[in-house]
Amino acid sequence: MELASAHLHKGQVPWFGLLLTASLLASWSPPTTAQVTVMAFPLHAAEGNNVILVVYNMMKGVSAFSWHKGSTTSTNAEIVRFVTGTNKTIKGPVHSGRETLYSNGSLLIQRVTMKDTGVYTIEMTDQNYRRRVLTGQFHVHTLLLKSNITSNNSNPVEGDDSVSLTCDSYTDPDNITYLWSRNGESLSEGDRLKLSEGNRTLTLLNVTRNDTGPYVCETRNPVSVNRSDPFSLNIIYGPDTPIISPSDIYLHPGSNLNLSCHAASNPPAQYFWLINEKPHASSQELFIPNITTNNSGTYTCFVNNSVTGLSRTTVKNITVLEPVTQPSLQVTNTTVKELDSVTLTCLSKDRQAHIHWIFNNDTLLITEKMTTSQAGLILKIDPIKREDAGEYQCEISNPVSVKRSNSIKLEVIFDSTYDISDVPIAVIITGAVAGVILIAGLAYRLCSRKSRWGSDQRDLTEHKPSASNHNLAPSDNSPNKVDDVAYTVLNFNSQQPNRPTSAPSSPRATETVYSEVKKK
């Protein structure tokens, strides 16, 4: 057997092995030092792939070198030997036919198996019979097959049971990593999630309907990754409290009654209908055409889960109402004097209907001056103001219909009589203050005048001449002579107001006023 060239002559190994080997040799760069080393590529190989043990910086002057399986140079473990002197390659006892030796000392092993995992030793001898022994190693791993998830409970009951899920990889479990996911999200240990050592088994405690899945188990080793098919749990639960739809509870005669009942349950619940507590139908839907007021009553949806043995009910009250009739509006007087009162009466045959008052096509805002009576049918406005003038209507409604009355226009006549209530409060206050000031001024002037009058009286009393000393005749040398002079004496008795008898009486003041009358 001749030594294979490092250039990999065609025909010595299969073409795919040549390509792989060439790529491996090209991808490996020798160590930066001149030290002889052995490296395996790849270090972790998938079963069936090729592995090459590359020798860097081969010794110069090598006379022979050989590869051995294991950490030994025993001839019993020899794979292949090359002797430079004879340029021959000699197969050893453990040669499998898959090994190829290259002139640079590298060893190619094709289609590796799990048994090929381990250490390989190269022994080199130079011309001076000096030996150099080096080792290299690699690991062979099985390509992972698709794993499968199994469960210890195929039909767990919500809130009662726990479930264990196991990931079966069908390959050697050594060097396998297990990862779990649910609905695409990774799972880790928590309050209700427990993982076994190595994560091969996932346990769910007290399962709920949200634990249904799907679950996926992912397996990994150094050479491959694989995923299981999605696995979902069939969790038994329910029924929940049923829901009856639609939400309408009022209908008018002649319409169709169509009810649907739904309750979350696994397996699906059984449905039963009762009308006024009497069994009617065993279906999820209830349909009654052309209903009348006789169809008013209680409608019950009864649901049952045969596996859990649980039952739930929901009751819905349905009322069939006749449409309301159009009301009529009356008023005591359509023309009202301002500040008077007015009463509007809504006449309706529908006593259980809702009353709504309309003012100028908008909702009437009920104020303090407005009162309603007889379930809102009578509206009284007292007192009425000019802003209350306008169009009034009443509206009658029930859950299935609405009617509006005729319109009445109310006129409010303005009262020409001054209404103090219409005067702004600021004006009233200003007038009151001005009046107080005016009265105070008048009182002050009266007091001042009275004081001056008393002073004048005192002056007259002190300076009046006596009757015996007064010259009654004019002076002869007076520039203006008068023919006759007449004098009169007026006595003024100052009258004091009546006082209580208990008060001491004061003397009356007597004053004499002289008046001169001249004749020309």
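The backbone N, Cα and C atoms fix where each Cβ goes, and this holds for glycine too.
The disulfide bond recorded by Swiss-Prot for C346 reaches one of C261, C394; that cysteine is C394. A disulfide bond in Swiss-Prot ties C167 to one cysteine from C217, C261, and that cysteine is C217. Between C261 and the candidates C301, C447, Swiss-Prot records the disulphide pairing with C301.
In this structure the C-alpha atoms belonging to N175 (N-linked glycosylation site) and N361 (N-linked glycosylation site) are separated by 84 Å. Per Cα geometry, N317 is the residue among the glycosylation sites N290, N294, N317 nearest to N152 (N-linked glycosylation site). On a Cα basis, C167 (disulfide bond) lies 74 Å away from N361 (N-linked glycosylation site). Note on proximity: among N290, C301, C394, the recorded positions of the record, the Cα nearest N199 (N-linked glycosylation site) is that of C301. For N87 (N-linked glycosylation site), the nearest of the recorded positions C167, C261, N317 in terms of C-alpha separation is C167.
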